[in-house]
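Asker: The following block contains the structure, expressed as structure tokens.
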Amino acid sequence: MNLTIPFAKGHATENDFIIIPDEDARLDLTPEMVVTLCDRRAGIGADGILRVVKAADVEGSTVDPSLWFMDYRNADGSLAEMCGNGVRLFAHWLYSRGLVDNTSFDIGTRAGVRHVDILQADQHSAQVRVDMGIPDVTGLSTCDINGQVFAGLGVDMGNPHLACVVPGLSASALADMELRAPTFDQEFFPHGVNVEIVTELEDDAVSMRVWERGVGETRSCGTGTVAAACAALADAGLGEGTVKVCVPGGEVEVQIFDDGSTLTGPSAIIALGEVQI
């Protein structure tokens, strides 16, 4: 039986998502539905889906049941713990549609609560700052891409990352690099990993490309930009700082502190409609 449901399409530094409002938790969103909707030829097309639901209606949620919960799904249908770009768009949706009253509020995720501040917003665009928590450095590891081995820093942002700062790599050379699915240490990353290839820190900025677990290469990855900033600062012998992270989809600002991190960047809601699934 076909269901007709409302949706919105949006992106945060061109990491694009389908927003599915499900405030009454009536939709049984299956992996097959997610794959179909995210298909860029046969569906709407997106890097993932953000289902808008209360935490009380999410199985296994450990956050305050009254919070709005970002039920995030990767394009392959798998559940995901956290998405920094997705949180910005999710917060933009909640605020612009009147589902929250304040510009500062909490959002539930599978990685726990994330606090957000709406710095500017209208129905179409926003600038949002997200409290990303303390980056958990898990150690050093490597990956192989196209036969080239990259050494990197394991960083857990609620989801696993391997941020590889490459000595001497320029932004133009990074842009020209052929990025394919990496092979990695599955004992170190038993649940898979998001891999970032990062230039060295220069003038408080880095460039980054990312291969996301369950998706492939994306134009941006919010948690990945925090992992990249953390790795670039460590590579430069620094424990904290503010880093501009340039991704194919735009720019974000990451701040790393002793006791946490923030991610600030844009969000855009570009379409509203209905879809049959």
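Here the Cβ of each residue, glycine as well, is placed from N, Cα and C on the backbone.
Remember, predicted model here, so these are calculated numbers, not experimental data.
According to Swiss-Prot, the feature active site, proton donor maps to Cys83, an assignment based on a large-scale study or a structure entry. Here Swiss-Prot flags Cys221 as active site, proton acceptor, drawing on sequence analysis. Sequence annotations record features per position, and here Swiss-Prot assigns substrate binding site to Asn15, Asn74, Gly84, Asn85, Asn159, Asn194, Glu212, Arg213, Gly222, Thr223.
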Asker: Taking the Cα atoms as reference points, how far is Glu212 (substrate binding site) from Cys221 (active site, proton acceptor) in Å?
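Answerer: That separation, Cα to Cα, works out to 8 Å.
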Asker: According to DSSP, which of helix, strand or coil covers Asn159 (substrate binding site)?
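Answerer: DSSP call for Asn159 (substrate binding site): coil, neither helix nor strand.
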Asker: Within a 10 Å radius of its Cβ, which of these active-site residues (Cys83, Cys221) has the fewest neighbouring Cβ atoms?
Answerer: Cys83
Asker: For Asn159 (substrate binding site), which residues in the same chain are close in space, meaning a Cβ under 8 Å from its Cβ, but six or more apart along the sequence?
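Answerer: The answer is Ala80, Glu81, Met82, Cys83, Ala111, Asn194, Arg213, Thr223.
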Asker: Can you grab the distance from the residue listed as 'active site, proton acceptor' over to Asn15 (substrate binding site)? Cα atoms, rounded to a whole Å.
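Answerer: The residue listed as 'active site, proton acceptor' to Asn15 (substrate binding site), Cα-Cα distance: 7 Å.
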Asker: Would you mind pulling the DSSP three-state label for Gly222 (substrate binding site)?
Answerer: helix
